[in-house]
Amino acid sequence: MFASLRKATSLARVASAGQRRFLSIHEYQSVKLLNSYGIPTPKSISAHSPEEAFEAARQFESTGCVIKAQVLAGGRGKGKFDNGFQGGVHLVSSPEQAKEFATKMLGANLITKQTGAGGRICNTVMLAERENASHEYYVAVLNDRNTEGPVLVVSSQGGMNIEEVAAKDPSAIITTPIHFERGLSKSEALGVAKKLGFKSEAASNEAADIFVNLYKIFKEKDATQIEINPLGETVDGRVLCMDAKFGFDDNADFRQTDIFALRDITQEEPSEVEAQKANLNFIKLDGNIGCLVNGAGLAMATMDVLALHGGNPANFLDVGGGATPETVKTAFGILLADPKVKSIFINIFGGIMRCDYIAEGVIKATKELGLSIPLVVRLKGTKEAEAKQMIRESGLKIMPFDELDDAAESAVQLANA
């Protein structure tokens, strides 16, 4: 079940391309969603400028506050901005300091262990009232393959990497299956709260209500994951969600318009956003061979064969079975926008997809986009002969191949030439 909590590697993201693209939202947006279901959090205010941060901090002068960079990545506290400023989470002692921190955070890229070397831009900061937790817990609601349904996962060891906790002390993780339709009953939730060892009956009741309402959000908003880390029990006995991470199923965007309106495309790879507009399944990778393939399975096999010949794919790109010449041209534009791409490999098996449509799109893109890098094409299947004839008659420098190994080897050699 903890696979749902891990940061996906590039190839894991590729494996799910076209089937699962989960929306994530910022922490300040998550707080508003939690509050709308009656789930308590520290008071917080979002700010989009240093002046707004100053005004927000003034409201917390009596208690003090924390300023957090709003970037969709883990490890913000230990991250570093590209302007040299260290840390995306800081205690704030005055409105002036809040303004100073916000000035250094806003408009800069925060680099963490999850963002890659380029980092992600910080357009918003959140200032939250400082709360002292006497104990921190971990809570998550997610889908579990073993039970074939949703589960509530909790631990008394919160505020730290839950995977490390699970590895060192599996008994510290308590997993409770949830009936999808009935949800979590108050008595079941209380039983979980008592296992965690809250200090008072009132705190156990508050925690149980939070568990019940978290599942309501999970079901009603088509969430794929809700993670609260930490859930804090304060020195005065209150229970608060002090940090939250949400994921939502993109297949539900048609009925969760309020949630998907929160999408922040500045946190996503621009080429992937562009590809999504054209209904292309595209994942950017780190190599130098641009790939255009139809079908996720063939795309994965193509990447494997390139690697077998010493190559490194620059992307995963599945144009699907309904691609048109215009779609192919759009795909080409996305590949050529990557300066690291030194050759392009097109590998098409024409079943539903017609090879002549691909050929038409390739020829059009080559002419209109001024293609200057080597292009290797392998076409097999429906309208194969017509497609090859179109390529021959185009007069363009397109290298056709019949065998996958030969084509892949050529693409690798040309990319490294």
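Just so it is clear, glycine is given a Cβ too, placed from its N, Cα and C backbone atoms.
Here's what TrEMBL has on this protein:
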- LYS68, GLY75, ARG76, GLY77, GLU136: ATP binding site (BINDING)
- ASN229, ASP243: Mg(2+) binding site (BINDING)
- ASN294, GLY351, ILE352, MET353: substrate binding site (BINDING)
- 31-77: domain 'ATP-grasp' (DOMAIN)
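Feature map: TrEMBL annotations on the structure.
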residue	record	Cβ contacts under 8 Å, 6 or more apart
LYS68	ATP binding site	GLU27, ARG76, GLY88, VAL89, VAL125, MET126, LEU127, ALA128
GLY75	ATP binding site	THR112, LYS113, GLN114
GLY77	ATP binding site	GLY87, GLY88, VAL89
GLU136	ATP binding site	GLY158, GLY159, PRO230, LEU231, GLY232, GLU233, MET242
ASN229	Mg(2+) binding site	TYR138, VAL139, ALA140, GLY158, GLY159, ILE162, ASP243, LYS245
GLY351	substrate binding site	GLY321, GLY381, THR382
ILE352	substrate binding site	GLY321, GLY322, THR382
MET353	substrate binding site	ASN294, VAL319, GLY320, GLY321, GLY322, ALA323, GLY381, THR382
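In this view, ARG76 (ATP binding site) is surrounded by 22 other Cβ atoms within 10 Å of its Cβ, with every protein chain counted. Shown in sequence order, GLY295, GLY320, GLY321, ILE348, PHE349, GLY350, ARG354, GLY381, THR382 are the same-chain residues outside ASN294, GLY351, ILE352, MET353 whose Cβ sits within 8 Å of the Cβ centre of the substrate site. Summarised by DSSP class, the composition of the domain 'ATP-grasp' (31-77) is 15 helix, 9 strand, 23 coil. In this view, ASN294 (substrate binding site) is surrounded by 24 other Cβ atoms within 10 Å of its Cβ, with every protein chain counted.
Summarised as a single figure, the pLDDT of the domain 'ATP-grasp' (31-77) averages 96. Around the Cβ of ASP243 (Mg(2+) binding site), the number of neighbouring Cβ atoms within 10 Å comes to 22.
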